[in-house]
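Q: One structure coming up, written as structure tokens, with questions to follow.
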């Protein structure tokens, strides 16, 4: 699973996921299913924000090719992927500026058009079950919830899906592709089932012990687009650069 994650996700997403796990004392090499889940969630959050801007009239527009002369503001502020201190700093700043209620838990995004925080969920289970779990945890009508599944289903607060159909279709297609690629490598069952995941972990640990003495060679090539990518909250083209360097999963 770890190899799959490093091959199939943007290197910046992988790095952010590793930092997030280490912040909570978790090891990406051991908890590979969680590693894959965090990378998937991060990518969905970036895709959610992609192409969506607010023009000088305050109208929401979709722009797929950036015009440096256009007076555009990103419609969504990405909160997910930052360290907790920075994330809360951004949330507090938004609340002070807009007057919206401060959420109890860190949300994933802020929508400047609708003036609301958004909690994005990606589930391997039934969407309505995961939605209810999220709603029960957040306990706030102020935070909008939007859940996606790997089977193409989705559920959102008051059936308000925020994004246009095409943008949501891109996210659903990506999730379905990830599922198919996992399945083709025999990884999907363990990703869905905790019991199967534990069995696979024991098997992986045993394999590591057997291979501990073997020489290894690792490639650390960096995508050209990422060499110039600044931290995402500093660069106005953060999602465009990220999108440009998305990697497709290579077949075995």
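Glycine too: its Cβ is placed from the backbone N, Cα and C atoms.
The following feature annotations were taken from Swiss-Prot:
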{"type": "ACT_SITE", "residues": "80", "note": "active site"}
{"type": "ACT_SITE", "residues": "108", "note": "active site"}
{"type": "SITE", "residues": "195", "note": "site 'Important for efficient shutoff activity and nuclear localization'"}
{"type": "SITE", "residues": "198", "note": "site 'Important for efficient shutoff activity and nuclear localization'"}
{"type": "SITE", "residues": "199", "note": "site 'Important for efficient shutoff activity and nuclear localization'"}
{"type": "SITE", "residues": "202", "note": "site 'Important for efficient shutoff activity'"}
{"type": "SITE", "residues": "203", "note": "site 'Important for efficient shutoff activity'"}
{"type": "SITE", "residues": "206", "note": "site 'Important for efficient shutoff activity'"}
Q: Enter the number of other CB atoms within 10 angstroms of the CB of residue 108 (active site).
A: 24
Q: Sorry to bug you, but what's the C-alpha spacing from residue 108 (active site) to residue 80 (active site), rounded to the closest Å?
A: 5
Q: Could you tally the C-beta atoms, other than its own, that fall within 10 angstroms of the C-beta of residue 80 (active site)?
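A: I get 22 for this one.
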Q: Secondary structure at residue 108 (active site) (DSSP, helix/strand/coil)?
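A: In the DSSP reduction, residue 108 (active site) maps to coil.
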